[in-house]
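> Pulled these from Swiss-Prot:
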- G46, I47, G48, K49, S50, T51, K75, N216, R217, P240, D241, L242: ATP binding site (BINDING)
- S50: Mg(2+) binding site (BINDING)
- C131, C165: [4Fe-4S] cluster binding site (BINDING)
Amino acid sequence: MSPRDDIPDLKGFDGDGEGSVQVHDSEDIGLDVGGARVFSVYGQGGIGKSTTSSNLSAAFSLLGKRVLQIGCDPKHDSTFTLTGRLQETVIDILKQVNFHPEELRPEDYVTEGFNGVMCVEAGGPPAGTGCGGYVVGQTVKLLKQHHLLEDTDVVVFDVLGDVVCGGFAAPLQHADRALIVTANDFDSIYAMNRIIAAVQAKSVNYKVRLAGCVANRSRETNEVDRYCEAANFKRIAHMPDLDSIRRSRLKKRTLFEMDDAEDVVMARAEYIRLAETLWRSTGEPGLTPEPLTDRHIFELLGFD
């Protein structure tokens, strides 16, 4: 049996003749997630989105919110600092029941993590096959069928890398606000510029708007701030390159479970401020930046 034999028929998804899968509108797209406020976290691969998402979810929970975090990466490591372990993905659990979701119970694919944060790993199809957008859609449908979104105040989507194809842009179809994690360097800012363009394209037909960016693992923010000024964007948080954050990952914990060192307390406070800012942002007009051309970015941030 090949890996492709495990992939269900992707209704509403057609190949383009070049080995890829393109996403088209279908009944699965734009599912209502009830009254929850939905945030989708994007950024260059390896920039720290999962660390940001998990600590953000923890911060929301400490503000008294009922939180659900959904990891949208085949690595399924988005939530392990919240749960202390790697959990099975929705797509793998669906395979076990031959893609009959009616046979599943919430406890089969939802794990309770730090301070009551509910954790789900959507996973993804085998490399080179299927579509991540299908997996996200099926995960949201499953959560709705089990009425898990009705008792949730905040949903955080932690999305794979800086991929801006239709499949991994699927969380944008459910989100109120998109948050971009970047660093104070050319490559991650270049990726952020592309993500901004993708979000702006989705915002034509969906409610998603940009909330701003987080300068992550960066001592300075001058390059991020220069880009934001040029693109009419906004940095809403700064997470320095702290060894305590790396240690928390190694210990499989959020920052809120670490010892009260000075830098840990500072980082916790910044995550609480970020959560408060994002919560308020859904009641305000979203940002409307203008993505820069490649030439403009090179002239602004590139080497002389």
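Backbone N, Cα and C define each Cβ position, glycine as well.
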> Over all shown protein chains, what is the count of other CB atoms within 10 A of the CB belonging to G46 (ATP binding site)?
12
> Work out the three-state DSSP category of G46 (ATP binding site).
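Its secondary structure by DSSP: coil.
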> Which site among K75, R217 has the most other CB atoms no more than 10 Å from its CB, taking these as binding-site residues?
R217
> Tell me, how many other CB atoms lie within 10 A of the CB of S50 (ATP binding site), whichever protein chain they belong to?
23
> Report the largest Cα to Cα distance, in Å and rounded to a whole number, among the residues G46, I47, G48, K49, S50, T51, K75, N216, R217, P240, D241, L242 that the record lists as binding ATP.
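About 25 Å separates the two most distant Cα atoms.
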> Do any residues at least six apart in sequence from G48 (ATP binding site), in the same chain, have a Cβ closer than 8 Å to its Cβ, and if so which, in order?
V181, N216, R217, M239, I245
